[in-house]
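What Swiss-Prot records for 1-194 is topological domain 'Cytoplasmic'. The feature domain 'LRAT' is assigned by Swiss-Prot to 50-177, with sequence analysis given as support. Annotation comment: Swiss-Prot describes H60, H72 as active site, evidence class sequence analysis. If you look up Swiss-Prot, you'll see C161 marked as active site, acyl-thioester intermediate. Annotation comment: Swiss-Prot describes 195-215 as transmembrane segment, evidence class sequence analysis. For 216-230, the entry in Swiss-Prot reads topological domain 'Lumenal'.
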Amino acid sequence: MKNPMLEAVSLVLEKLLFISYFKFFSSGAPGQDKAGNTLYEISSFLRGDVLEVPRTHLTHYGIYLGDNRVAHMMPDILLALTDDKGRTQKVVSNKRLILGVIGRVASIRVDTVEDFAYGAEILVNHLDRSLKKKALLNEEVAQRAEKLLGITPYSLLWNNCEHFVTYCRYGTPISPQADKFCENVKIIIRDQRSVLASAVLGLASIFCLGLTSYTTLPAIFIPFLLWMAG
(Lines of atoms letter the chains of each structure in order from A and count residues from 1; the text may use other names and numbers.)
(Lines give C-alpha, C1' and ligand atoms only; values in the text may rest on other atoms or scores of the structure.)
Protein backbone atom coordinates (compact mmCIF):
# COMPACT_ATOMS: atom_id res chain seq x y z
CA MET A 1 0.00 0.00 0.00
CA LYS A 2 1.42 3.37 -1.02
CA ASN A 3 2.09 5.98 1.64
CA PRO A 4 0.11 9.16 0.77
CA MET A 5 2.55 11.32 2.73
CA LEU A 6 5.57 9.97 0.86
CA GLU A 7 3.76 10.40 -2.44
CA ALA A 8 2.96 14.02 -1.59
CA VAL A 9 6.56 14.75 -0.60
CA SER A 10 7.81 13.07 -3.78
CA LEU A 11 5.44 15.19 -5.86
CA VAL A 12 6.66 18.40 -4.21
CA LEU A 13 10.30 17.41 -4.79
CA GLU A 14 9.67 16.67 -8.45
CA LYS A 15 7.94 20.02 -8.97
CA LEU A 16 10.84 21.89 -7.37
CA LEU A 17 13.37 19.97 -9.44
CA PHE A 18 11.26 20.67 -12.52
CA ILE A 19 11.78 24.41 -12.01
CA SER A 20 15.55 23.86 -12.06
CA TYR A 21 15.20 21.68 -15.15
CA PHE A 22 13.28 24.45 -16.93
CA LYS A 23 16.05 26.95 -16.19
CA PHE A 24 18.60 24.45 -17.52
CA PHE A 25 17.24 24.63 -21.06
CA SER A 26 16.15 28.27 -21.09
CA SER A 27 19.20 29.71 -22.86
CA GLY A 28 22.07 29.03 -25.21
CA ALA A 29 22.72 28.42 -28.90
CA PRO A 30 23.86 24.92 -29.88
CA GLY A 31 27.58 24.36 -29.93
CA GLN A 32 28.96 27.86 -29.46
CA ASP A 33 29.50 30.48 -26.80
CA LYS A 34 28.33 34.08 -27.13
CA ALA A 35 31.41 34.95 -29.19
CA GLY A 36 30.72 32.08 -31.59
CA ASN A 37 33.65 29.96 -30.38
CA THR A 38 33.30 26.18 -30.21
CA LEU A 39 33.41 24.99 -26.60
CA TYR A 40 34.65 21.45 -27.26
CA GLU A 41 36.67 19.33 -29.66
CA ILE A 42 34.63 16.45 -31.09
CA SER A 43 37.73 14.63 -32.34
CA SER A 44 38.82 14.13 -28.72
CA PHE A 45 35.70 12.12 -27.81
CA LEU A 46 35.85 8.32 -27.79
CA ARG A 47 32.96 5.94 -28.36
CA GLY A 48 31.51 5.09 -24.95
CA ASP A 49 32.63 8.32 -23.25
CA VAL A 50 30.23 10.02 -20.87
CA LEU A 51 29.58 13.59 -22.01
CA GLU A 52 28.39 16.11 -19.44
CA VAL A 53 26.85 19.52 -20.06
CA PRO A 54 27.10 21.50 -16.79
CA ARG A 55 24.65 24.31 -16.13
CA THR A 56 23.88 26.50 -13.13
CA HIS A 57 21.33 24.15 -11.54
CA LEU A 58 21.64 20.78 -13.30
CA THR A 59 23.96 18.73 -15.49
CA HIS A 60 22.76 16.95 -18.62
CA TYR A 61 24.38 13.62 -19.56
CA GLY A 62 24.84 11.51 -22.66
CA ILE A 63 26.89 8.64 -24.09
CA TYR A 64 29.07 9.36 -27.11
CA LEU A 65 28.47 6.79 -29.86
CA GLY A 66 31.02 8.07 -32.36
CA ASP A 67 30.59 9.95 -35.65
CA ASN A 68 29.28 13.09 -33.91
CA ARG A 69 26.39 11.15 -32.30
CA VAL A 70 25.27 11.26 -28.67
CA ALA A 71 22.69 9.00 -27.01
CA HIS A 72 20.84 10.79 -24.23
CA MET A 73 17.48 10.74 -22.45
CA MET A 74 15.18 13.62 -23.35
CA PRO A 75 11.61 14.26 -22.13
CA ASP A 76 9.31 14.88 -25.11
CA ILE A 77 5.52 15.19 -24.99
CA LEU A 78 5.33 14.62 -28.75
CA LEU A 79 6.09 10.94 -28.16
CA ALA A 80 2.70 10.56 -26.48
CA LEU A 81 0.87 12.35 -29.28
CA THR A 82 2.23 10.88 -32.51
CA ASP A 83 4.12 7.93 -33.98
CA ASP A 84 5.50 10.08 -36.80
CA LYS A 85 9.28 9.64 -36.47
CA GLY A 86 9.82 12.49 -38.89
CA ARG A 87 8.40 14.83 -36.25
CA THR A 88 9.71 13.22 -33.07
CA GLN A 89 13.28 12.93 -34.38
CA LYS A 90 13.59 16.68 -34.80
CA VAL A 91 15.50 18.55 -32.10
CA VAL A 92 13.32 18.73 -28.97
CA SER A 93 12.08 22.27 -28.31
CA ASN A 94 11.79 23.73 -24.81
CA LYS A 95 8.00 23.48 -24.97
CA ARG A 96 8.10 19.79 -25.93
CA LEU A 97 10.66 19.10 -23.21
CA ILE A 98 8.75 20.86 -20.43
CA LEU A 99 5.48 19.15 -21.31
CA GLY A 100 7.37 15.85 -21.54
CA VAL A 101 8.62 16.30 -17.98
CA ILE A 102 5.07 16.97 -16.81
CA GLY A 103 3.72 14.03 -18.82
CA ARG A 104 6.60 11.79 -17.69
CA VAL A 105 7.38 10.56 -21.19
CA ALA A 106 10.83 10.57 -22.75
CA SER A 107 13.03 8.77 -25.20
CA ILE A 108 16.64 7.73 -25.31
CA ARG A 109 17.53 9.32 -28.62
CA VAL A 110 20.54 10.15 -30.75
CA ASP A 111 21.45 13.75 -31.54
CA THR A 112 24.52 15.54 -32.83
CA VAL A 113 27.05 16.78 -30.30
CA GLU A 114 26.05 20.35 -31.13
CA ASP A 115 22.37 19.75 -30.40
CA PHE A 116 23.22 17.79 -27.26
CA ALA A 117 25.49 20.51 -25.84
CA TYR A 118 22.96 23.28 -26.51
CA GLY A 119 25.50 26.07 -26.24
CA ALA A 120 27.50 24.83 -23.23
CA GLU A 121 30.92 23.34 -22.67
CA ILE A 122 31.27 19.56 -22.44
CA LEU A 123 33.07 17.58 -19.74
CA VAL A 124 34.27 14.07 -20.57
CA ASN A 125 34.04 11.16 -18.11
CA HIS A 126 33.89 13.53 -15.13
CA LEU A 127 31.61 11.06 -13.32
CA ASP A 128 34.47 8.54 -13.21
CA ARG A 129 36.31 10.87 -10.85
CA SER A 130 33.39 12.23 -8.86
CA LEU A 131 31.76 8.82 -8.23
CA LYS A 132 35.04 6.92 -7.95
CA LYS A 133 33.47 3.93 -9.66
CA LYS A 134 35.12 1.53 -12.06
CA ALA A 135 33.75 2.05 -15.54
CA LEU A 136 32.89 -0.72 -17.97
CA LEU A 137 34.79 -0.97 -21.24
CA ASN A 138 33.88 1.87 -23.58
CA GLU A 139 32.48 -0.42 -26.27
CA GLU A 140 30.21 -2.14 -23.75
CA VAL A 141 29.04 1.27 -22.52
CA ALA A 142 28.13 2.33 -26.06
CA GLN A 143 26.37 -0.96 -26.79
CA ARG A 144 24.30 -0.67 -23.60
CA ALA A 145 23.21 2.81 -24.68
CA GLU A 146 22.29 1.63 -28.17
CA LYS A 147 20.18 -1.22 -26.79
CA LEU A 148 18.13 1.23 -24.71
CA LEU A 149 17.26 3.58 -27.58
CA GLY A 150 13.54 4.30 -27.76
CA ILE A 151 10.64 5.52 -25.63
CA THR A 152 10.95 5.25 -21.84
CA PRO A 153 9.07 6.48 -18.74
CA TYR A 154 10.57 9.62 -17.24
CA SER A 155 10.99 10.92 -13.70
CA LEU A 156 13.19 13.78 -12.55
CA LEU A 157 13.91 11.89 -9.33
CA TRP A 158 13.85 8.22 -10.31
CA ASN A 159 14.61 7.89 -14.03
CA ASN A 160 16.46 10.78 -15.63
CA CYS A 161 19.41 11.23 -18.01
CA GLU A 162 21.91 10.60 -15.21
CA HIS A 163 20.28 7.27 -14.30
CA PHE A 164 20.59 6.25 -17.96
CA VAL A 165 24.25 7.22 -18.20
CA THR A 166 25.34 5.65 -14.91
CA TYR A 167 23.61 2.39 -15.84
CA CYS A 168 25.46 2.30 -19.15
CA ARG A 169 28.80 3.32 -17.66
CA TYR A 170 28.84 1.49 -14.31
CA GLY A 171 26.01 -1.05 -14.46
CA THR A 172 23.94 0.67 -11.74
CA PRO A 173 21.41 3.48 -12.35
CA ILE A 174 22.02 6.29 -9.85
CA SER A 175 21.59 10.07 -9.88
CA PRO A 176 23.83 11.91 -7.41
CA GLN A 177 22.42 15.30 -8.40
CA ALA A 178 18.84 14.14 -7.71
CA ASP A 179 20.00 12.66 -4.38
CA LYS A 180 21.75 15.92 -3.48
CA PHE A 181 18.63 17.90 -4.32
CA CYS A 182 16.53 15.67 -2.05
CA GLU A 183 19.05 16.05 0.78
CA ASN A 184 18.95 19.85 0.49
CA VAL A 185 15.14 19.84 0.55
CA LYS A 186 15.23 17.47 3.53
CA ILE A 187 17.40 19.95 5.44
CA ILE A 188 14.90 22.71 4.73
CA ILE A 189 11.98 20.52 5.79
CA ARG A 190 13.68 19.52 9.05
CA ASP A 191 14.21 23.17 9.93
CA GLN A 192 11.10 23.98 11.97
CA ARG A 193 11.41 27.60 10.87
CA SER A 194 10.17 26.43 7.46
CA VAL A 195 6.89 25.36 9.06
CA LEU A 196 6.52 28.73 10.76
CA ALA A 197 7.41 30.63 7.59
CA SER A 198 4.93 28.66 5.47
CA ALA A 199 2.21 29.21 8.08
CA VAL A 200 2.86 32.97 8.14
CA LEU A 201 2.78 33.14 4.33
CA GLY A 202 -0.46 31.15 4.32
CA LEU A 203 -2.11 33.51 6.79
CA ALA A 204 -0.84 36.49 4.80
CA SER A 205 -2.38 35.11 1.59
CA ILE A 206 -5.72 34.62 3.38
CA PHE A 207 -5.55 38.16 4.75
CA CYS A 208 -4.74 39.67 1.33
CA LEU A 209 -6.85 37.47 -0.94
CA GLY A 210 -9.67 36.49 1.36
CA LEU A 211 -10.88 33.22 2.87
CA THR A 212 -11.26 30.97 -0.17
CA SER A 213 -10.48 27.34 -0.93
CA TYR A 214 -7.39 28.18 -3.00
CA THR A 215 -5.88 30.19 -0.13
CA THR A 216 -7.12 28.21 2.88
CA LEU A 217 -6.16 24.71 1.74
CA PRO A 218 -2.51 25.54 0.94
CA ALA A 219 -2.25 27.54 4.17
CA ILE A 220 -3.24 24.43 6.14
CA PHE A 221 -1.80 21.64 3.99
CA ILE A 222 1.73 22.96 3.36
CA PRO A 223 2.67 23.63 7.03
CA PHE A 224 1.09 20.29 8.00
CA LEU A 225 3.08 18.48 5.30
CA LEU A 226 6.34 20.09 6.40
CA TRP A 227 5.60 19.32 10.05
CA MET A 228 4.79 15.66 9.37
CA ALA A 229 7.81 15.19 7.11
CA GLY A 230 10.18 16.98 9.45
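A Cβ is built for glycine as well, from the same backbone N, Cα and C atoms used for every other residue.
Worth saying up front: this structure is predicted, and the values here are computed from it rather than measured.
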**OP:** Measuring CB to CB from the residue listed as 'active site, acyl-thioester intermediate', give everything in the same chain under 8 Å that is also at least six residues away in sequence.
**Re:** H60, Y61, G62, H72, M73, M74
**OP:** Provide the three-state secondary structure of H60 (active site) computed with DSSP.
**Re:** strand
Original post:
What does DSSP give as the helix, strand and coil breakdown of the domain 'LRAT' (50-177)?
Top reply: 51 helix, 36 strand, 41 coil
**OP:** Let me know how many other Cβ atoms fall within 10 Å of the Cβ of H60 (active site).
**Re:** 24
Subject >> Overall pLDDT for the topological domain 'Lumenal' (216-230), taken as the rounded mean >> reply: 49
